[in-house]
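A.B. asks: Here it is: the structure, laid out below.
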């Protein structure tokens, strides 16, 4: 598997995939995409990088343990739902903050935060499974 | 008469013990055992509060107070104060005061004394909530709380196996009965539409008219009989004597075990006076009375003797309530009052003897009267009341109950004879408890016996003197306590005229004399009687207690067997079972209801659509003929990609997108797993096993196909899709409906699902980290069961 071509291309490919996954995540509310798909793409990126360059370098690259990322995502998603408490509304009532930067409409919302949470959960969980399996392959 | 609404003070009186339970450990840390003094103020104040009701209630007034608890279900925390609940509340708080004091002396220096106080208070609050409970559901909750606190108290000495067993047994028996009671209450609520006891009592025939009388009767009886230790559920009560003595005196004689009797009394206007009631209750009550007294005679342990007579007394009470005869009911109320006083006292006496002399076996005790004069005096007074001798409340009770049973026409004679025998045996035990430890030559005891501190003798003295005092003012007792309680039982206002001394020679007096004569005669033959009962029991060789063990062992054995069958640690078995059940679940309804789909007509596809379908089928065939497992996995991927393409063509880009990613990752992860498990590259199963798997696979596939066809052949209900299409942009600010559903409309679902993803990740990680390799082909789970689920959700 670890041909020179694959090892050379893999870092760029992974970086592109992660970038693409963020793109898919952010466009999700209006176009096909979203946190779940984005998370799967990013997890694939981690898996490919792991196969090509070893699990150790992936772990170095993402700094945090993937399971921690996953847990943080869940925490973030739950927290996004709780923001509505401040306005005395039911759990997960969506809150929107829409403003304009010159001509572009920027919409920040709790569903977006929630979706980022989903993204992190999926990256972390699937990524950590893949990495753990690859790691055992190495030892 | 409709109940008057009162302020919330009574509600707080019920909750006060719970607050005391919180502060008790702190106070105990500060004042050691002397914390009992300040703590006893709480039940004392509650007692004072309820004395305020005595006057109005004796004039036939009733009161309610309520706070909303779960209003949408009609559940309120509400109390109903009438004669019956006032009597019980006074007993619980009054005896409770002395029990707290007694516990202070009895467990002096015990490291867990604070915890013990806490449990006692928790129980006290639960019991108050039970007897005052107006709302059926809150009544049930307090009913269960008494079972749970009883469990905690019996198992207080949790290092001993016997305590743990007794605690568990009590919980299983009373908790099981509690479930029956809950079912009964729910039936009452659904059949009558009423949830407040006071409303139900307002129209006494409401349950008898529903046609559900029989199931309601049986279920309520299930609760009452288990709680009040009626034969054949009596065995848990003597075993509960493993608890420290204050618990036995309080829960298992004076209060908790009376909860069943309370319930029967409370429900008497609603359920009583039917042929069923007046047959079943006297029968079980009578058997319990005789069995209880006989078993009591056999014991030599003071506490166990008292415990079995408690069983007997409960039987007597149930028997009397079962007659539905007004005079017998009056006897039941009086006996209930008398029993709480003398039995609570005698238990505390037994505890004091145990505490000071080091044993409570009557064959090893004797001559304690000079060493423990105050305890002796209290024991004498209480025993005389228990024996039913004048001038004690026990005597008054016995007179009235004989009057009632003798005057009851239907089964009066049988019930009277049972009552006489039971009371005679009760007298034997009373005499044994009072005479054996205190009279005769002084016997050397394990500890040097001497009088206990004031904390230990305050309770027995007060309770026994009360038993005497209430009899001396019999008329007032009847007016203030017995009359109002009787009014609750019969459902209309009654006033009674009670006398201590019989005014003329009549049947009850003669029956009393027979009882005393029989009792004295039996007492002289106590040792012979004891060995006789022992011999009979040995001959039978089986009892409900043993039966309980067999029952529990049976259940444990069965669960073990079932678990070993279903969870044998082999992945194939699990997957096989899951898929077989899936196949049955999707196939069976279609065949059973005859709702199989019609044969679909061939759709009009374009050639490239046929092409993709062809690729999918090709992938499947490749899976089947693949030489190695790796090839099969990759071929499965081909099939998956083809499906993703189909999604794409029919307008579900999100689904298709996700399917692509899931397929890719599945192939990668499966391949990684493959390399980690030392599987042989190809499948070497024998043909029959492979064939079985094939059959199950085809069945599942066929079932799902048929289900999908059946669903799509139904007319399409577009309400949901219309809703989402209409509001996705308008209120959720998103054009991608799928995503809006996932993160907004049904965000709560997603939150649950990502929690599952995290947990699955953790589990798989743990599984991979297991260093000891599981056997060749077991122990690895599907790396992400939540992924396909997610696809379906989208």
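For all residues, glycine too, the Cβ spot is worked out from N, Cα and C.
Note that TrEMBL annotation is computational and uncurated.
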A.B. asks: Out of B:505-523, B:524-542, B:543-561, let me know the one TrEMBL marks transmembrane segment.
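C.D. replies: Per TrEMBL, the stretch marked transmembrane segment is B:505-523.
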A.B. asks: Write down the single range among B:354-373, B:374-393, B:714-733 that appears in TrEMBL as transmembrane segment.
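C.D. replies: Feature transmembrane segment in TrEMBL: residues B:374-393.
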A.B. asks: In TrEMBL, one of B:168-192, B:243-267 is tagged transmembrane segment. Which stretch would that be?
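C.D. replies: Matching range for transmembrane segment: B:168-192.
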A.B. asks: By a Cβ-Cβ criterion of under 8 Å, what residues six or more beyond either terminus of the transmembrane segment (B:304-321) are in contact with it?
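C.D. replies: Distant contacts of the transmembrane segment (B:304-321): 224-225, 228-231, 234, 237-238, 240-241, 248, 252-253, 257-258, 260-261, 264-265, 268, 272, 281-282, 284-293, 295-296, 328-329, 331-332, 335-336, 339, 343, 346-347, 350, 362, 386, 401, 404-405, 415, 418-419, 422-423, 425-426, 429, 432-433, 489.
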A.B. asks: How about long-range neighbours of the transmembrane segment (B:607-626): same chain, 6 or more residues beyond its ends, C-beta under 8 Å?
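C.D. replies: Sequence-distant neighbours of the transmembrane segment (B:607-626): 632, 635-643, 645-646, 649.
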A.B. asks: Over the span of the domain 'MrpA C-terminal/MbhE' (B:695-777), how high is the average pLDDT in this prediction?
C.D. replies: 85
